[in-house]
Ligand SMILES: NC(=O)c1ccc[n+]([C@@H]2O[C@H](COP(=O)([O-])OP(=O)(O)OC[C@H]3O[C@@H](n4cnc5c(N)ncnc54)[C@H](OP(=O)(O)O)[C@@H]3O)[C@@H](O)[C@H]2O)c1
Ligand SMILES: NC(=O)c1ccc[n+]([C@@H]2O[C@H](COP(=O)([O-])OP(=O)(O)OC[C@H]3O[C@@H](n4cnc5c(N)ncnc54)[C@H](OP(=O)(O)O)[C@@H]3O)[C@@H](O)[C@H]2O)c1
Ligand SMILES: NC(=O)c1ccc[n+]([C@@H]2O[C@H](COP(=O)([O-])OP(=O)(O)OC[C@H]3O[C@@H](n4cnc5c(N)ncnc54)[C@H](OP(=O)(O)O)[C@@H]3O)[C@@H](O)[C@H]2O)c1
Ligand SMILES: NC(=O)c1ccc[n+]([C@@H]2O[C@H](COP(=O)([O-])OP(=O)(O)OC[C@H]3O[C@@H](n4cnc5c(N)ncnc54)[C@H](OP(=O)(O)O)[C@@H]3O)[C@@H](O)[C@H]2O)c1
Ligand SMILES: [Zn+2]
Ligand SMILES: [Zn+2]
């Protein structure tokens, strides 16, 4: 099962048994993605806390 | 006695008793300057060894 | 007779620098220095360089009392939130944060993502860079601080802007290198020594908020700012790449920089043909209020590289703030700001 | 069966790095390592990391003997001067200097101020950056090295150039931050630790020779290069500011970088949304042959900040040189180049 | 056939170093790497040097599954607390913490202030310093790790102890200089870059717990330990001052060090009469498993200064741990530990 | 009315520091600053921190003219060789070198390997550490400087010596960590940035000449000195391990340190139970004349660890020299020495 990262366009392999609402990380851009649909497999950016870089 | 730095245009005060061919340093740009004329006071860039900055 | 001065946010890095400067200022006495987390501790337990200089203790910010001059050195947003209270306590205020730097509330909203909490106060504050606002600061009641990266960029650009030497149709790139004290005293993952040490971190390649200040101060609209955090504690170096509006000689550029630096006690032009220190270098500015400026020019392409070095905590924050106070209160402008810096 | 390899200039920093890599290379044996000043000393007396790895001693360059592959790691000009002699001793040569990098003798003369001493050799040398010249390097007899600052700049630019995303009518600024090992092992006033430590030195705001290599490799004519030396021993970071030729999405940029990185064993794309290491960072590349590339894009202005980090002594010199040797001699391209780098 | 290995505490510095080493180990496969805070993230988002090396993701420690070899790299006390669970999951365990280093529960209680949570397990663990325990480690099921400062001190002392050259009636002072990675990956006020940078911090002038390990390993009772944290990320240097039990010649000392170093693949003697690297230097050991040892002797006073340099994360932690695994599992002792280190 | 002061060796690091201090001294005017290599250059071309402070140019030492106070900051041996000439030019001399520090010509010969060139002058010079010699320095004509490592060690030991708390039958180990400016401004292989950076170099494990000064000042005969060069430009930290002559309480130790520090304007006791700066730390002393002292005590073993931090160029050289001048000339002792130091 494959899906595309909405942020960077990476092709992400979803392991068998992936469920809706699960969170996966994009291996390329690190975005945290929510599985919003399984048929077809669709990912959306999960809400993220903007981290402070501290400078 | 005043002269102009040919490099940066600084006004350079030449002390009384300055002689032709003397070398003075420009206080602004650091150029080493030769007194090529005294009347009017005129400065020219003295030949410089290009220092290696080393990178 | 001494003015009574207080510092809110005195446990931070800008606050600490204000303490260091004001303790040696002949015309003021520090009456309160606040820190919620360190209330009751001696100043020197947080700022060890002040040991032997003062036995003052931090007080909680809630206990702040009336004073003549109030310095605010707080995280973003805190000063604007409480400005009425602070103004009720002090005749004069110098706020080191970004809260009162921008004149236009719309610009504030654009860059900070929410409406300004006290927009009426924006016009009461004079932008606290004496090099451009000396007249307005003289006798003023309220001064904002300056952004450190903005200041390095502005002081690199102003000689060229004032002499009208920049081609405004071509982009201007300000690539600023900064030290870790810019982030303040609060610990975070990014500032953990094993990670931060030796880093060359592309901290803000795009989108840095100080651009708003650069546009306000220089009037330019084609400046592009990037910030890289490097191995350094204090210091910022702006390398600003611009293009000449016409063919130039080196002498004309010298002239522009000299004109800008004239009568500015803390601006020095650094451009040497030999030696190790040919251009502005932040490492020798630690603790000083100087902004060193210099340039390189490439006739074949018309590129001017204008360079400015500062200590972010001094000319980029506390130093300029004290310089503002001197102007606001009628003291000699350089009072308490004369430390020459160290070599090596 | 092992190839017999020699290194001329083995006491230098590039030479030392070649020694480190080649001692662990399964298909070659080092037979000679030259140094005039250290002839007779053990390699590990100069390169202490090699202690326990080899009991080889430096030999004087005059005693150089025939070998299969010869690496030259000499100061500028020395390789070109003596290329006939070196070519008579070795079937294959990899020269790490700038002597054979430029294809056009006229360009060489323009940047180096004198005619090339052996212009006929220029076309025999393949420019030694496998990422752009893999096919030509495969089986080649002569390869040049690469410039470290040029390589960081080129690898930042190439993804954009190959995807044709850059507006060539607007200037491209490459602001490169570099460590002290770029200057080599020879001591000078500028490298004295108390002076160099903590420096943010505008080493070459304009006029850096590596621009010639950038123009040759990218085909661009509007690149402007500035080099700032920072507190770092190994490493170079190129921050390259370019403008998009049209409106772009982040995904298109990702696509361009992925296309460039595909099949390149030493190119990694680094662009993270969180964590400390969001963009390429030279500090984690020390000793590795990676070039990490990444980018930030500002839709409102069209500015693309393309960032490349390398270890100047590896991908910027000895690492690429060994990668070239692997291609020239038919070894697996990554042989002896697999060190992962350290964190923290 | 590969052994299946897991690492608990893989987001830490010792854990990260284990990952780096084990990913290149030809006889093992990493099946799980745990981190509660980073579960679901890719290893390279925390350890950026592993980018391109593995696509493994951190898993929560609660999901730990059975494996052949389990490495524990946890904060003090955590391994002892849960040792029964870990032992139920893995045939072999290597614990990098101090929990199972001391043989005597009473000594543990004295130094750690509370009774050991699993005293029965103390005798099942072999102290994991191959240089003194090679035979016991060969084939062992459980090995403790080593203390980094203890190891630098022990390896400085052992050549003298084994040759019986130390006057035990006079104090032995071990003054150890250490880098910031000793503190692990967790951020704290003391590790904030502006504070930690350039520090020469008397971290533990007296009372450092590693003394217990020194006494256990050397059998000495008159060692006094002090730790100073200096500007360095990786590395520890022990400067150990002891007095000779009788008049000695330099040759006798050389003999003692040679005897100790013989057959030890990771011990090198460093004592040069010229050059820059005359004594052990941690900076060239970053990433390597070497312990470099050397000495200076002052005939007039009988003082021997014995010096040992290590990388605290390697020979002082993960490197020794992998060396232990190699011995426990019958692999060649140096497998995956052959990185030579960098110069400069 | 100002005293006329000259500095021989003004291009060096001690000379540069003297310039910085004396330019701000209200009671003196610098009339000459010598450098053979830089004659004719502006002081700020060598010491960039002095830009804007003075337009003085270096003069050749041969052109030295009479003055009121002469500072000598020359390499070892040069002052002694030419002392008659210098004394003919100046009423008062302060020599920063080691040439006139030792009282006993025999001790000089023992440590420096040759007879003193001007032994009659030894008794005319007062050893220039005001903390021990204030009375003798007051009004004196000739003062020697101090050794930086000696001073850190002496000031760590003196509180204990004066209170008679040290067991003289057991060895005292002084393990001193130092920065690179101790080596002066002259470049050499060991100071090349890529080599010196990050080093933990056992520079003088035994045999350091400053021991002679320690013995002279403290009267102790069982001190053992080792110097390790670390990543630092300015600063020295002495970690001195001694044993108590009897059972002690912490209070007694506090008492001893307080007694020593009383009336000493530049001695501060640093011993905190919390915070980051618990013991003396050289990094916050850069540019200041303070010597911070502190201690840790281990009742079980009787070990006292006495710690002293200084800036080697200030309290360890130029700062003490100016303090001496103030005493010799009747100025307030702290004049021109009040810079507080920076944090962070
Ligand atoms: N660092 C620079 O280079 C720099 C340069 C230019 C401008 N600035 C600006 O200067 C300001 C201070 O920066 P910094 O680096 O000094 O920050 P900092 O080190 O983080 O210090 C912040 C200070 O604010 C106090 N504080 C926090 N919240 C408060 C509140 N609600 N009320 C009262 N006090 C509060 C803290 O005290 P506690 O001890 O109670 O936490 C601390 O003393 C910021 O606005 C910054 O943008 C900084
Ligand atoms: N450093 C970098 O980051 C870097 C990156 C890319 C390319 N490069 C290029 O690589 C080359 C070497 O750089 P480096 O940094 O390694 O320099 P380096 O440290 O100064 O080493 C130079 C070496 O050349 C030897 N040498 C000098 N003159 C020689 C001669 N006439 N014949 C034979 N050997 C001679 C020296 O040996 P002795 O012991 O006899 O003096 C030394 O081994 C340069 O061309 C440089 O431009 C360097
Ligand atoms: N650093 C050195 O130089 C060194 C040298 C020798 C020995 N050691 C020893 O090695 C051990 C690890 O040191 P370090 O420096 O790597 O520490 P560190 O960087 O702080 O890492 C600690 C690791 O333990 C994990 N962890 C914390 N509590 C846990 C729990 N209850 N269960 C499971 N995992 C837990 C953390 O994971 P999360 O991501 O979930 O927080 C993190 O991965 C320590 O015992 C230390 O004494 C360290
Ligand atoms: N560095 C420290 O931390 C420290 C601490 C305590 C004491 N000291 C002592 O202070 C003295 C100076 O040390 P430094 O570190 O400042 O050394 P430095 O940086 O090497 O400076 C030496 C100075 O002496 C000048 N000079 C050399 N030979 C001379 C001669 N024959 N006649 C006149 N001038 C001569 C040099 O001038 P040119 O420009 O003409 O070469 C230079 O200005 C030394 O004796 C040192 O032991 C140093
Ligand atoms: Zn993605
Ligand atoms: Zn000029």
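Note: Cβ is positioned from N, Cα and C throughout, glycine not excepted.
Cβ contacts within 10 Å of residue C:148 (active site), excluding its own Cβ and spanning all protein chains shown: 28. Mapped onto three states, the DSSP output places residue C:148 (active site) in helix. Residues annotated as active site in TrEMBL: C:148.
In the three-state DSSP scheme, residue C:312 (NADP(+) binding site) is classed as coil. The annotation NADP(+) binding site is assigned in TrEMBL to C:11, C:12, C:13, C:14, C:312.
Per TrEMBL, domain 'Semialdehyde dehydrogenase NAD-binding' is recorded for C:4-140.
Rounded to a whole value, the Cα-Cα separation of residue C:148 (active site) and residue C:312 (NADP(+) binding site) is 5 Å. In the three-state DSSP assignment, the secondary structure recorded for residue C:12 (NADP(+) binding site) is coil. Set side by side, the binding-site residues C:11, C:312 differ in how many other CB atoms lie within 10 angstroms of their CB, and the most is found at C:312.
Taking every pair among C:11, C:12, C:13, C:14, C:312, the residues listed as contacting NADP(+), the largest Cα to Cα separation comes to 17 Å. With a threshold of 8 Å between Cβ atoms, none of the binding-site residues C:11, C:14, C:312 neighbour chain F. Around residue C:12 (NADP(+) binding site), the same-chain residues six or more apart in sequence whose CB sits under 8 Å from its CB are C:73, C:74, C:184, C:185, listed in sequence order. Cβ neighbour counts within 10 Å, taken over all protein chains shown, single out C:14 as the most crowded of the binding-site residues C:13, C:14. Chain E comes close to C:13, taken from the recorded positions C:13, C:14, C:148, C:312 by a C-beta to C-beta distance under 8 angstroms. Across the domain 'Semialdehyde dehydrogenase NAD-binding' (C:4-140), DSSP assigns 54 helix, 28 strand, 55 coil.
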